[in-house]
Structures are given as structure tokens and as C-alpha cells.
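Scroll down for the structure; my scribbles are underneath it.
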Amino acid sequence: MAVHKEVNFVAYLLIVLGLLVLVSAMEHVDAKACTLECGNLGFGICPRSEGSPENRICTNCCAGYKGCNYYSANGAFICEGESDPKKPKACPRNCDPHIAYSKCPRSEGKSLIYPTGCTTCCTGYKGCYYFGKNGKFVCEGESDEPKANMYPAM
């Protein structure tokens, strides 16, 4: 009888461990299946946090990206950007001396992606805007960005 209980316990333990391995593997699988052909994109814009109180950026509220907030060197809120990357406003190129840095919903990675390589709308990152070689807006990316250092070195 004791052997039967030990076998049941080991079998139960193996099932639980197997389910844990399966669930952890599923977390790393991108649910979006994209085709393998390359897109014909010219460049991409990904609004990102930029600058710091010590390393100021040169922009103004008109030219700043919608969804990004702009701050002074002492951290006071100045404005939210007014320019939509899909339809940029005609804005002056002057630097607002009050703006030191920006905070955007996404802060990792490059702001300008050029060239885009083999990126398509499907493989492009959410929150990034992709344009054709003629400069016209094509699409917003559809895939989640990979988390930085997802598999750290051991």
C-alpha cells in the first residue's frame, strides 16, 4: 500500500511539473504569427523618452509627439506633444528653452528606425509608426516589443 501511495505522489508531482514547464514556455510564445516576407517600408518612428535635466533635448510643444509629456530641467510639466507621427504638424524648428526632456509611454529602443530591414506591419512594434519609401504613413506596428534581457546570461 505504501508503494502505491509513493507511485501516485511521484506521478502527481511529474504532472504538476510538466504543467509548470508548459505554462512557462507558453508565456514566451508570441501569439501573433507573422508571415516571413519582407515589407517595403522606408522608415519607422517610435516615440521614446529622451533627454534628461543634464542632457537637454531640442524640441517644442508643437513638434513633440502626442502621448509624450515634456518637462523642464527641474521636473515641472511643460506640455504634451501636439504632433501625431502619422500626420505631422507643420511646426517651427525652434528649441523651447523651457523643455529639457520627454517622458513617453515606451522608453526603450531607438526613436527612428532606418533602414527598417525586413520589418512588416505585423512584425513592427506596437506604438511605432511605419512609413513607405515615399514618406507616407503605412501602418502602426502590431507586435509586442521583446522584453530587454529576457534570457539573462548565467
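Even glycines carry a Cβ here, placed using N, Cα and C.
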* Asked: Cys62 has a disulfide partner in Swiss-Prot; which of Cys91, Cys95, Cys104 is it?
  -> Cys91
* **Disulphide partner cysteine [Swiss-Prot] for Cys34, chosen from Cys118, Cys121, Cys122** => Cys122
* Member of Cys46, Cys58 annotated by Swiss-Prot as disulfide partner of Cys128 -> Cys46
* Would you kindly give the Cα-Cα distance separating Cys121 (disulfide bond) and Cys128 (disulfide bond), rounded to the nearest Å? => 10
* For Cys79 (disulfide bond), find which of the disulfide-bonded residues Cys34, Cys68, Cys91, Cys104, Cys118, Cys139 come within 10 Å, Cα to Cα. => Cys68
* How would DSSP class Cys79 (disulfide bond) in three states? -> strand
